[in-house]
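The structure appears below as structure tokens.
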Number of protein chains: 2
Amino acid sequence: MNRAHNFNPGPAALPLEVLQKVQSELLDFAGTGMSILEVSHRSKDYEAVHNAAQSLMRELLGIPENYHILFLGGGASLQFSMVPMNLLGPGVSADYVITGAWSQKAFKEAKLVGNPRVAATTEEDGKFTRIPKQEELQLDPQARYVHITSNNTIFGTQWHTFPNTGNVPIVADMSSDFLWRPFDIKPFGLIYGGAQKNLGPAGVTVVIIRDDLLALCREDIPIILRFKTHAKDNSLYNTPPVFAIYIVKLVLEWIKEKGGLAWMEQENRAKAARIYGVIDSYPEFYRAPVAKDSRSFMNAVFRLPSEELENKFLEGAKAHRFVGLKGHRSVGGIRVSMYNYVPKSSVEELARYMEEFARAHA
Amino acid sequence: MNRAHNFNPGPAALPLEVLQKVQSELLDFAGTGMSILEVSHRSKDYEAVHNAAQSLMRELLGIPENYHILFLGGGASLQFSMVPMNLLGPGVSADYVITGAWSQKAFKEAKLVGNPRVAATTEEDGKFTRIPKQEELQLDPQARYVHITSNNTIFGTQWHTFPNTGNVPIVADMSSDFLWRPFDIKPFGLIYGGAQKNLGPAGVTVVIIRDDLLALCREDIPIILRFKTHAKDNSLYNTPPVFAIYIVKLVLEWIKEKGGLAWMEQENRAKAARIYGVIDSYPEFYRAPVAKDSRSFMNAVFRLPSEELENKFLEGAKAHRFVGLKGHRSVGGIRVSMYNYVPKSSVEELARYMEEFARAHA
């Protein structure tokens with residue numbers, strides 16, 4: 001098998017062992033004589049998968065019992081709207097910290113249904129190159145929540161220390177760095193994330209919501225958009241994205257077998273250290289716009305001395321089967337997305353290519 | 001391989017050849033060195049799948065160019081809300097024809113965001129055993145649309161001739177009988193359906209919307225809930241459920257190879273004729289509550305002389321590997337769901353079992 005080195009910004013690489021397991025049981029799931037693609041979401045066999053995905057996630061992240069774990073369809077973009085639809089209303093405000101294109105979108109959707117505030121923004125000349133410091137946050141103690149985007153895929157920044165928001169719960173879009181390491185969930189009232197970067201395939205979005213915030217959710221919005229509907233019915237109010245949840249379960253099992261989130265963090269730190277190490281060794285050649293203390297462990301972005309060299313870099317990458325290295329069209333340059341399931345060996349091969357390329361063209 | 005006979009009410013059976021193809025290319029999609037589960041939704045390889053799924057559907061159903069075909073997440077239950085959110089508003093009404101639990105749900109969600117009317121209902125003593133006749137429909141010529149549920153999975157009824165709604169476009173939930181036969185789409189302004197019965201796996205919902213109705217859609221609702229967003233961006237505004245759409249494409253190819261929707265209808269008519277034939281041969285034993293001219297070709301529902309016999313019937317079914325025959329909990333009895341990809345051989349084996357069971361216990 002000639003596996004590509006998958007640096008796609010999402011959907012992204014999955015563990016080969018997970019794909020092999022999916023393949024091996026695709027025609028006969030758990031001895032049912034049916035594919036997992038054909039089983040009823042009301043069957044005992046599927047329910048075991050559904051509940052195992054939840055309990056594995058609870059175990060790996062240390063999520064207390066006062067949080068619900070939901071599996072929804074529609075993508076994280078639906079959550080940009082569902083969160084304020086459920087939590088805002090007349091006289092209720094929320095704070096948004098703007099660190100990139102995704103937080104901008106989330107804020108825009110919140111404005112459509114309520115009156116959110118900007119608590120901070122790090123936009124300078126249309127770009128975001130850092131995460132704000134605690135003292136920059138102008139927090140409203142009456143806010144229902146403070147919304148952050150924990151990792152910014154396009155600009156390559158990431159919150160390394162989550163903000164102190166006092167008694168106001170944090171709502172975080174963790175689509176692009178969920179499960180990258182252990183973290184303390186207690187300050188969070190709600191976490192959401194599309195699966196297709198660090199959790200599984202496209203098609204399912206995880207929402208983790210704390211009981212006290214759930215109790216405040218509205219019941220006068222469409223039933224399918226109410227968090228309460230999905231919490232009450234354990235994400236089985238309607239047919240869930242069965243197959244995507246099945247893969248999430250296999251991915252979580254894989255993490256656990258490998259050593260849990262402590263191991264995952266070690267891997268991710270080693271991968272990022274290797275790439276940023278090359279960048280910092282050739283500071284005249286690889287120009288990283290992001291402030292060092294805001295660098296993302298998931299997406300390293302950098303420019304080369306010219307667009308011509310960037311194109312040459314991308315052209316040469318093809319021969320190595322490096323996929324997905326082109327920066328987002330809004331910022332250009334190169335982006336190395338090294339999500340959870342991008343193997344260290346792929347990162348090592350890319351790092352060597354970067355070193356050779358710099359030496360050849362510097 | 002010991003395939004079960006899958007009579008699940010959905011998610012349901014898929015063609016074995018499709019499952020085998022998925023399995024064979026699961027680790028390397030189109031020579032990319034990646035699984036289809038790992039490819040970017042912005043890649044050329046995926047776009048080819050996405051566009052092929054649309055054009056195959058257009059070809060098989062004869063959908064003119066003035067209709068958009070959208071692939072969305074969130075299930076058909078999300079469409080119960082999205083349709084009225086997009087199409088209703090102050091001074092705008094819609095007619096709903098109530099033929100079962102799903103149309104009731106659709107109506108309830110429409111009431112939450114607008115002022116829909118009931119144009120007809122066939123509810124009698126809490127049950128629905130027929131489709132209304134044309135003369136029973138009290139249609140408002142000013143309505144924005146007339147909503148119907150083309151097939152009622154729980155009660156086993158189906159529209160055999162679509163209603164004449166004059167100049168008012170029909171909006172149809174076709175989740176459970178989409179693609180079962182060719183039909184004239186011109187009276188329809190919008191068709192929606194979850195894939196997991198007649199089109200593919202759970203996780204994607206198809207929406208087919210006509211240009212004139214699309215033009216009337218609101219732009220003051222959340223961007224992810226606007227049909228215009230998805231029509232404009234060819235269902236790639238955000239990450240679509242890639243894998244589910246890939247399977248939809250394979251299923252549509254399979255139908256085309258087999259002989260298109262004319263062939264599909266022939267198969268479905270033969271399957272239904274076999275099951276209803278047994279029911280009608282033992283009218284004292286198998287009691288079908290549905291009016292003959294409203295019988296569903298997808299879901300045949302019937303009762304046995306006693307609940308004890310029904311349990312015995314279901315118990316005996318296990319030895320034959322018949323799956324999913326228990327009627328919906330709200331109505332009891334037996335339900336035979338024989339969606340598009342349930343093989344004729346499975347139906348034949350079930351029909352024989354029904355004959356034997358009737359002879360043994362009548």
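The backbone N, Cα and C atoms fix where each Cβ goes, and this holds for glycine too.
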Given that TrEMBL lists B:Ala76, B:Ser77, B:Trp102, B:Thr153, B:Gln196, B:Asn238, B:Thr239 as binding pyridoxal 5'-phosphate, which residue among B:Asp45, B:Asp125, B:Asp173 does it place in the same site?
B:Asp173
Lowest 10 Å Cβ neighbour count of the recorded positions B:Arg42, B:Lys197 is held by B:Arg42
Listed in sequence order, the recorded positions within 10 angstroms (C-alpha to C-alpha) of B:Arg42 (L-glutamate binding site) out of B:Ser77, B:Thr153, B:Asp173, B:Gln196, B:Lys197, B:Thr239 are B:Thr239
Of these binding-site residues, B:Arg42, B:Thr153, B:Asp173, B:Asn238, B:Thr239, which are close to chain A by the rule of a Cβ under 8 Å away?
B:Asn238, B:Thr239
Return only the integer: C-alpha distance in Å from B:Thr153 (pyridoxal 5'-phosphate binding site) to B:Lys197 (N6-(pyridoxal phosphate)lysine).
10
Within 10 Å of its Cβ, which one of these binding-site residues (B:Ser77, B:Thr153, B:Gln196, B:Asn238, B:Thr239) has the largest number of other Cβ atoms?
B:Gln196
Taken over the domain 'Aminotransferase class V' (B:6-350), the predicted model's pLDDT averages 97
Around the Cβ of B:Asp173 (pyridoxal 5'-phosphate binding site), the count of other Cβ atoms that are within 10 Å:
27
Which one of the binding-site residues (B:Ala76, B:Trp102) has its C-beta surrounded by the most other C-beta atoms within 10 angstroms?
B:Ala76
